[in-house]
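Asker: What follows is a structure written as structure tokens; I'll ask about it next.
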Ligand code: GDP
């Protein structure tokens, strides 16, 4: 997992922390890449020797200032330094690469697609992107950066999972607090999804455990994805151990209904990128929780419901047994989404911003001339 730029680094850093806290094994190796020394300093869980400062000769550790063309250039120039951080990673043991970046800024926006292209040329393993779209209040330049980066990034990765900050904005929160909450949401979803493909042989046995290849097949090769999520806390016996459930038989109909309703909530609730369900090409639903609460029938009902909603014949489903959890969570990965009004809106705003910037630039020389003009050229420059 490679975090490119500030947002990318923060999300990966939180992912590594989450993985450690839950004793997960989702992140085989984590790397952070940035042009700004200060951003790297804020990371707490990605080892120092896996933090790569690029573009030192160009920007001297001060970042690229939301210039994503410069971000792409420095990534291109210093790609070997990023590669050096990957050299001791046993790539044959990983299922895929994941590059995370905020698309509205400069470093990640420009650099992530460059790195994706490099990795795809070098490795057989799939390369996925996680692209974060800026909120609409961030303004024209960030929207323009995101729209251009989105187009480029999608072309370079096997699949681009999109997270839209706009849909997750809370009012009344500082940006810092807001991002911490948002990143938590994001990491939780990804952890259930990718953790599902990591279940140990000999670990808790589910009825139909999701395999890494099912995630890879759902993501496919090419396209855009979005993720839905819903969680339901389950009542806990006094003493708290789920192993005691055998004393109180769980009603199978309840369990089935709970799963079916969770699948609906996940798909119809807030998606990481809002889109129309109809026309989605592929899907995967993962139901995670205490084994007693997972049943094949519920997942099968949910799967069929999702087939109806999307019109897709390629909806996979499976479970992810987590014996110590006190909740049942459902993640729905929708891949090959095409009907996405938010992307069309983003592109429209980006085009307006671009025209506006060009107009201001084209007038800027003339405006400066007019400002310096003293009328009769009585004032002469010093030299
Ligand atoms: P870079 O360092 O130049 O790549 O730029 P940043 O990563 O700082 O910012 C790029 C965009 O990412 C911003 O416009 C925000 O929309 C978004 N962003 C920044 N920090 C976070 C974060 O912690 N979480 C999320 N979800 N988005 C962020």
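Cβ coordinates are placed from backbone N, Cα and C, and glycine is handled just like the others.
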Asker: Which of 183, 217 does TrEMBL put in the same GTP site as 6, 7, 8, 9, 10, 106, 107, 108, 138, 165?
Answerer: 183
Asker: Would you mind listing, in sequence order, the residues at least six apart from residue 107 (GTP binding site) in the same chain with a Cβ closer than 8 Å to its Cβ?
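Answerer: Non-local contacts for residue 107 (GTP binding site): 4, 5, 6, 33, 34, 35, 36, 63, 64, 71, 74, 101.
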Asker: Checking the spread of the GTP site as listed (6, 7, 8, 9, 10, 106, 107, 108, 138, 165, 183): what is the longest Cα-Cα distance, in whole Å?
Answerer: 20
